[in-house]
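Quick look at what Swiss-Prot lists:
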REGION    23-45  region 'Disordered'
TRANSIT   1-55  transit peptide
TRANSMEM  96-116  transmembrane segment
TRANSMEM  123-140  transmembrane segment
TRANSMEM  153-173  transmembrane segment
TRANSMEM  182-202  transmembrane segment
TRANSMEM  212-232  transmembrane segment
TRANSMEM  244-264  transmembrane segment
TRANSMEM  284-301  transmembrane segment
TRANSMEM  315-335  transmembrane segment
TRANSMEM  389-409  transmembrane segment
Amino acid sequence: MVTTHHLCLLRSTVLSVPVRLRAPRAPPHPRLPTASASASSYHGPTHLRRLRPLRAAAAAAGGASPDGADGAKRPAPAAASSSLGAALVGFARSNFLPLALIAGIALALMDPTLGCLAHKYSLSKYSTFGIFLISGLTLRTKELGAALEAWPAGLFGLASILLFTPFLAQFIMQIKFFPHEFITGLAMFCCMPTTLSSGVTLTQLVGGNTALALAMTAISNLLGIMIVPLSLAKYIGVGAGVSLPTEKLFKSLVTTLLIPIILGKVARETSKGIAGFVDGNKQGFSVTSAILLSLVPWIQVSRSRSLLLSVQPKAFAVAVTVGVLLHFALLAFNAAALHILSRLEQRGVSVFARNEYARAVILVASQKTLPVLVAVVEQLGGALGESGLLVIPCVAAHINQIIIDSIIVNWWRQRDQQFANAK
């Protein structure tokens, strides 16, 4: 008789019976453990492997390593996201002005409706008035008086800001470029006084003489009300073939710039409460000033959006490059002039050679302000071209000069730290 089912083939059927129906097995005979058996019994069983994640979680919660020893704490995802958020907030605070300017331009390019409506109600004039009102509120007389010690360096800085650097405008006007407003705007930028806040802030960061920086900033902007119209008429009007209304421009700058500065300064000096409030909320006033300044390019770009979109990216890149080269030229000129002046003075240590004075002059005298340029463009009413095209390259130049000078300040600080460590 042929056997069709071998007995070994029936084992799988028996093993497939549910667990509940199986007969209980007798415990195996005890065996002596071997080395391999011990290792497999430690690493092999499933219930021990399942316990390891629980041990690791308990160790992380208690600040210990999974092996039981105290180790370095691993940063939790919530802590990592919190530190990233703090870093982003810190970056936004330290770079609020460039970010606000970029945001204003981007908003105008996406939807110009609100910007055109703001122009209809002359919002840019009120924003400019507010900027210089804040400048007057934050201006300290005591700090201005402290700069008298370095008056030769301050005098050179003022001459560089108001006389020497505007001279470059006539060479920039010789560049043949389309649209011509880009080059005209950069030439006008050369004729402006120094920045209202960034030069002083960077001087303070690098350990320069803040009082000297403040003095040059305040005096150059006040004198600029009288000198800027003359510089524009001489270097820009002749090159552009137009006659600028110098007297009208001077009166408008007095109304838009000088009067709000005087009002702010008088309010600060006559009321200790106002002065204390302003000094205690410097960050808030700085943010407010940046927001007011960002409204201007937002309005100008909204008006000129169709023209800006017709400009080739290559042309804009060339204008940005010219602005960067212009700032490098101003830095090189001021640094070289200070070096020469320090060699000419033989008695003791020259004020031109002292780092705290030299750095203040280099930073402040090499920067140009955007609000005064905007006020000038607003008052000219298109005499030199489309307002938006005049302002756009200057906004880029303003942002680039802050970035470049921030890099220089960081390099100076690192070098000072190396010298201090070497001592």
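Cβ coordinates are placed from backbone N, Cα and C, and glycine is handled just like the others.
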Surrounding residues of the transmembrane segment (212-232) on its own chain - C-beta under 8 Å, 6+ positions past either end: 135, 139-140, 143-144, 147, 150, 153-154, 157-158, 161-163, 166, 169, 188, 191-196, 199-200, 203-204, 244, 246-247, 249-250, 253-254, 257-258, 261, 356-357, 360-361, 363-365, 369, 372, 376
The transmembrane segment (389-409) vs the transmembrane segment (284-301): 3 or more CB pairs under 8 Å: yes
Other parts of the chain folded back onto the transmembrane segment (182-202), taken as Cβ under 8 Å at six or more residues beyond its ends: 97, 131, 135, 161-162, 165-166, 168-170, 172-173, 175, 210, 213-214, 216-217, 220-221, 223-224, 228, 231-232, 235-236, 239-240, 286, 289, 315-316, 319, 322-323, 326, 363-365, 367-373, 376-377, 384-385, 389-394, 397-398, 401-402, 405-406, 409
Selected stretch (most C-beta pairs under 8 A with the transmembrane segment (153-173)) from 123-140, 244-264, 284-301, 315-335: 315-335
Closest-packing stretch to the transmembrane segment (96-116), where packing means Cβ pairs under 8 Å, from 123-140, 244-264, 284-301, 315-335: 284-301
Top Cβ-contact partner of the transmembrane segment (244-264) among 123-140, 284-301, 315-335 (pairs under 8 Å): 123-140
